[in-house]
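Everything on this sheet refers to the single structure shown next.
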């Protein structure tokens, strides 16, 4: 053995022995390099092209049909600039209709890309808009009603990077794909022949579609080699239904610098970072010690999501520091957050999220039959028992006093427990109603703050609630003050058996034909009715 090979081998053994057992097991296998999406920028005429297409990808040695934007799987990182208009031609080369939603962007309803913004098979849709919001990491994904879950599962997702003058002045890591790294995390389930195995059925309508394989930027357990110093990770939970809890395998801290809608006032130090479906957080991690480690997701208490291999810490990616050092820094302060306005006299909208108890019961039975007791591991047994006794349709906890009742179908709320043909495609509700594309639930006033009270009381399911056309502030989350890293600009809030309140404002028009959406971002809940439209 040559001396240099011996040294390299010794170093590798040293690195491997420093890692936990579940990580070391895979050390011998050659890991792929973390795929880095290309940056897509507008041309000289402020125009860009996105092509929605089918392709082929390889997972664990088997070829699978996948869908992507401008490629086989996922898509480019679309780069936008605050105050600069852009025109995007979206060409749909799939054999079915789709839409393209700009998740997190504050743009008019007509270009938002919700379920009304259909791009027919073989067709093209052109949108023009001017981002006026602060720098943020957002994303694109399809929003075809009833098909969103499947189209995302097939691979349609990509990042959107909004830049502004303020963030350019900060000395954050900003070398794309080197020390400024996108991390799109998704789980997949594959059939025996290697194809993506998506089903919308009673079980998935209840708990969501989840897989047993974790992909990071479309690759299984990849490695990223980065310069020593500060490493910036732009995290996106792109899963259909799985919440994540991100940590470093050696417990080194993560410094959260931005949430869905942009920079926090100052970095927030955490050792665990819960990440709901559709959420983005930007974190900085110090890798100046030169030691390799894994980014992992820790087990969560969400129903069905602690089934092996997710019953223990699961690697997302390996981070391998290089000998060279990068120049990015972690600033002490990042931006100035505006003070919250007075809540006196604001319009209050009460939204109640619920599930047809027949779907609830049958979905849970199917989950238990397929996976056994492990399906419920980590769950709170008291709330589970109350849930199993039919508690999830109670209405007593709703505050009717100052409620906007205009969109509520009381007949449906009273009757959905009884009789009627059961259709799991229409078995998830907001205020007792399934989504109706032709009937917006209410009209919000442009430029005025509103307080939205979103209740999941009586329902133990996790509902990451997403609102289009705005970046809001969380007033309370499941009855508690928001965690420090969740006090910034957000477009998604956790609703899980409790009540969450957000302060929203809409600065763009959304007419009936292109209403904004508000919905659960567990995609199978959204696809089976837990969504509403509203106008501005």
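Yeah, the Cβs are placed from backbone N, Cα and C, and that goes for glycine too.
Counting only same-chain residues at least 6 apart in sequence, those with a Cβ under 8 Å from the Cβ of residue 101 (Cu cation 1 binding site) are 112, 113, 114, 117, 140, 141, 142, 143, 468. Summarising the annotation, Swiss-Prot assigns Cu cation 1 binding site to 101, 466 and lists similarity to another entry as the type of evidence.
Within 10 Å of the Cβ of residue 521 (Cu cation 2 binding site) there are 25 other Cβ atoms, across all protein chains. Sequence annotations record features per position, and here Swiss-Prot assigns Cu cation 2 binding site to 103, 141, 521 based on similarity to another entry.
The secondary structure of residue 525 (Cu cation 4 binding site), as reduced to three states from DSSP, is helical. According to Swiss-Prot, the Cu cation 4 binding site annotation covers 463, 520, 525.
Sequence annotations record features per position, and here Swiss-Prot assigns domain 'Plastocyanin-like 1' to 53-165 based on sequence analysis. Mean pLDDT across the domain 'Plastocyanin-like 1' (53-165) comes to 98 in this model.
The annotation domain 'Plastocyanin-like 2' is assigned in Swiss-Prot to 229-295.
Annotation comment: Swiss-Prot describes 424-536 as domain 'Plastocyanin-like 3'.
The feature signal peptide is assigned by Swiss-Prot to 1-28, with sequence analysis given as support.
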Local backbone state of residue 103 (Cu cation 2 binding site), from DSSP in three classes:
strand
In whole Å, note down how far the CA of residue 103 (Cu cation 2 binding site) lies from the CA of residue 466 (Cu cation 1 binding site).
9
Starting from the Cβ centroid of 103, 141, 521, which together make up the recorded Cu cation 2 site, report each further residue of the same chain whose Cβ lies within 8 Å of that point, ordered by sequence.
101, 139, 143, 152, 277, 278, 466
For a quick check of understanding: among the binding-site residues 141, 463, which residue's Cβ has the most other Cβ atoms within 10 Å?
463
Can you name the residues of this chain that are 6 or more positions from residue 103 (Cu cation 2 binding site) yet have a C-beta less than 8 Å from its C-beta?
138, 139, 140, 141, 160, 278, 466, 491
Could you tell me which of these binding-site residues, 466, 525, has the greatest number of Cβ atoms within 10 Å of its own Cβ?
525
